[in-house]
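**Q** My questions will all concern the structure given below.
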Amino acid sequence: MEKQLTGTLALAVFAAALGSLQYGYGLGVINAPQKVIQTYYARSLGLDFAPQHNEETNVTTMPLEPDSIPAALTMYWSLSVAMFSVGGIISSFMVGFVADFRGRIKGMLVLNVLAVVASLLMGLAKMGSPHIMVITGRAIMGFYCGLSSGLVPMYIGEIAPVKYRGALGALHQLAIVTGILISQVLGLDFLLGNEDMWHLLLGLSGVIAVLQSLLLPLCPESPRYLYIKLGKKEEACKSLKRFKGEYDTSKDIAEMQAEKEEALKEAKVSLLRLARSSVYRQQLFVALMMHLSQQFSGINAIFYYSTAIFHKAGVAQPVYATIGVGAVNMVFTLVSVILVDRAGRRTLMLIGLGGMCLCAVGMTVGLVYLSTYSWMSYVSMSAIFLFVVFFEIGPGPIPWFIVAELFSQGPRPAAIALAGFCNWTSNFVIGMFFPYVEAYCEQYVFIIFVMFLFGFTLFTYLRVPETKGKTFEEIAALFQKKTAPRPVAEGEMEQLKGCSLCHEMVLHVDGECAVNGSI
């Protein structure tokens with residue numbers, strides 16, 4: 001009898017999601033100890049930089065004037081933050097290659113070598129040139145996370161039962177926000193975010209890599225990879241039974257056989273062909289827009305601005321309020337895990353984006369009238385928390401796993417690579433330019449995100465299909481209906497020829513097959 005959820009499936013999802021936990025930890029860990037690390041950089045470089053420490057409140061503050069911070073220190077700190085995203089941008093293109101070269105499990109296992117090397121560089125930073133070792137470690141960790149952020153959703157999406165694919169796919173985002181929260185808590189002054197322990201805080205992610213390396217060999221390889229990519233039916237059946245218990249695998253094998261036949265028609269889909277082919281254009285456009293909606297929703301800007309809002313609201317320790325936001329982040333990602341296979345992906349995206357749009361309006365109103373009405377600070381604080389809630393209901397977790405649902409086996413690795421590149425690049429752009437935009441627009445800065453969010457909500461309503469409870473082939477069929485070949489005009493008869501891929505008489509225009517794309 002087939003079991004939908006088994007211990008082996010739970011172990012495999014947990015082991016894979018440790019890569020996402022490490023991604024979240026890497027995203028958040030650099031923020032809390034910023035002042036301490038900058039001070040250590042300054043000492044190492046022989047620069048004149050002395051943050052003021054208030055013994056009464058036990059709070060360290062930066063010099064108020066930007067001119068008082070040495071340019072070299074600003075440059076090294078900017079590189080320490082930005083190189084994480086740069087590493088992710090570069091490696092995101094390699095997700096398909098790594099996934100197909102030796103499989104999903106071995107791919108994730110080998111990647112942990114990068115994570116351990118990065119952790120050692122940062123953990124031992126005090127023994128050498130801290131700025132060089134931290135920057136190098138952050139770049140390597142970003143490279144690891146760029147690959148991991150593609151491999152983890154791919155593997156979970158391929159092994160998850162259709163009924164629970166959304167919930168299990170959302171665990172990727174849950175692990176990310178849990179990693180961020182853990183880094184925020186451990187980064188407190190009295191734990192690891194102090195002058196004596198900051199290097200251990202940065203290097204701690206190596207523990208996650210070691211744990212994942214111990215668990216991954218116990219997990220079965222993706223049955224879809226074994227059967228569709230390698231053609232190993234017997235091993236695929238064994239893998240299916242390990243995931244679902246003893247049952248008749250013929251239905252799952254038949255589904256994979258149908259997908260394999262489609263994959264054989266599609267042949268090998270490269271990044272270039274995926275980007276150029278009209279056959280996949282609808283799916284690719286939806287996938288990229290979903291990732292753009294995640295990053296350009298303003299969520300990173302909210303986290304950037306939240307401490308200042310909490311400070312203006314009179315919160316004595318804004319860092320604890322920011323941790324509170326992180327906790328809300330995690331709790332409502334868990335809510336999304338529960339809802340995504342009941343309410344559906346499209347519905348949750350619409351609720352999330354629409355709610356964020358209203359919250360961004362509330363943020364703007366609160367900021368504009370903050371100096372006029374003191375209670376407006378609470379409007380702003382409420383808007384921040386609700387903004388995070390709506391983000392984690394839909395736009396946070398769904399883009400990561402819906403890409404794997406939108407594409408069949410042939411173009412899936414290339415699609416996930418392109419979506420990952422789009423996500424990492426957008427993240428980098430927001431991180432680099434938001435402070436400048438905020439300085440120019442001041443309290444009206446979130447009007448920009450209101451416009452973005454309204455556009456993304458409209459796009460989701462008009463163009464994003466519901467994928468809940470559908471097989472990969474059923475989802476692909478939704479887009480094939482939209483891109484079905486148009487009737488042949490009288491003057492185009494001479495352009496008809498037999499297609500070597502689909503073996504049908506179809507219209508070819510500019511070397512593009514109306515069924516299978518480029519030939």
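Glycine is treated like the rest: Cβ placed from N, Cα and C.
Note that TrEMBL annotation is computational and uncurated.
In case it helps, TrEMBL gives these features for our protein:
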DOMAIN    12-468  domain 'Major facilitator superfamily (MFS) profile'
TRANSMEM  75-97  transmembrane segment
TRANSMEM  109-125  transmembrane segment
TRANSMEM  131-156  transmembrane segment
TRANSMEM  168-186  transmembrane segment
TRANSMEM  198-219  transmembrane segment
TRANSMEM  284-307  transmembrane segment
TRANSMEM  319-340  transmembrane segment
TRANSMEM  347-369  transmembrane segment
TRANSMEM  414-437  transmembrane segment
TRANSMEM  443-462  transmembrane segment
**Q** What same-chain residues lie close to the transmembrane segment (347-369): Cβ under 8 Å, and 6 or more beyond its ends?
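**A** Result: 290, 293, 297-299, 302, 309, 336, 339-340, 376-377, 379-380, 382-384, 386-387, 389-396, 398, 443-444, 446-447, 449-450, 453-454, 456-457, 460-461, 464, 466.
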**Q** Between the transmembrane segment (75-97) and the transmembrane segment (168-186), are there three or more CB pairs that fall under 8 A, provided the residues in each pair are separated by 6 or more in sequence?
**A** no
**Q** Select the range from 109-125, 131-156, 319-340, 414-437 that forms the most Cβ-Cβ pairs under 8 Å with the transmembrane segment (198-219).
**A** 109-125
**Q** Among 131-156, 319-340, 414-437, 443-462, which stretch has the most Cβ pairs under 8 Å to the transmembrane segment (75-97)?
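**A** It is 131-156, which has the most Cβ pairs under 8 Å.
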**Q** With a Cβ cut-off under 8 Å, give me the same-chain residues at least six positions beyond the ends of the transmembrane segment (443-462) that come close to it.
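**A** For the transmembrane segment (443-462), the far contacts come to 289, 292-293, 296-298, 301, 305, 346, 349-350, 353-354, 356-357, 360-361, 363-364, 367-368, 370, 395, 434, 437.
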**Q** Averaged across the domain 'Major facilitator superfamily (MFS) profile' (12-468), what pLDDT does the model get? Just tell me the whole number, please.
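**A** Computed over the domain 'Major facilitator superfamily (MFS) profile' (12-468), the mean pLDDT is 84 on the 0 to 100 scale.
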